[in-house]
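Feature annotations, reproduced from TrEMBL:
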- 1-10: compositional bias 'Acidic residues' (COMPBIAS)
- 1-59: region 'Disordered' (REGION)
- 33-59: compositional bias 'Basic and acidic residues' (COMPBIAS)
- 69-115: domain 'G-patch' (DOMAIN)
- 110-144: coiled coil (COILED)
- 189-206: compositional bias 'Acidic residues' (COMPBIAS)
- 189-210: region 'Disordered' (REGION)
Amino acid sequence: MEEDEEEDYMSDSFIKQDVRPGLPMARRMKQAIQKEEKQKEANEKNRQKSIKEEEKERRDLVLKSALGSENKGFALLQKMGYKSGQALGKSGEGIVEPIPLNIKTGRSGLGHEELKKRKAEEKLENYRQKLHMKIQANEQAADQFRIRFKNKQEERKMEGDLRKSQRACQQLDAQKAIDVPKETWYWLEPEEEDKKDEEDKEDECTSSELSVSEKLHILTAYLREEHFYCIWCGTTYEDSEDLSSNCPGDSAADHD
């Protein structure tokens, strides 16, 4: 009777229970998970196996077991001197284990596996080709970027050489009391120009449709012929003979 009575809430066993927050919930969750796992195991044991599964288990069991003397073929081999574990053949160079069975369990026709294998290989080959084409496209894009970057650097250097030539031309023309340049772009444009109509500026831009390299070539030739000056050497020579004999050439490449 005493065992059936409820536990006194003032007793030591009741007071010593762990009543920290969250522990009862965690204990209940753990018990629920364990109960679910046990139920799954029981269901797996009690589950009725299908005919295919039973056939597979019986077949695997038979194939794993070694042949005994009750087998007629094995009995004939033993009569001819064969011993278990011995290789076949007169000199014992044959196989030891029987040829394994390749049992077809699916419903696909003959050659289906080879077709699947061929399709997988074709898919892999297509993927490799696409990957190779993508790599080539990335390499071409990188090459084009390097070429554009190099061209931009060369163009900036050419623009700097042109400004250097314009500055030198303006100074040398001033020394010869030339007030107006031969062409408007021979001199550097002043930072603060007098007020002009926008139409005049557009006419000046359209009148000189020369590239930077063409302007540089024309202006360096003018400096050499008119002032015997080479921007690459940074030297003014006495005359054309002195210029031709002492200057390596009329381009930057000749002075490298």
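Cβ atoms are placed via backbone N, Cα and C, with glycine included.
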Helix, strand and coil residue totals from DSSP for the compositional bias 'Basic and acidic residues' (33-59) stand at 23 helix, 0 strand, 4 coil
Averaged over the coiled coil (110-144), the pLDDT of the predicted model comes to 90
Taking DSSP H, G, I as helix and E, B as strand, the domain 'G-patch' (69-115) contains 12 helix, 0 strand, 35 coil
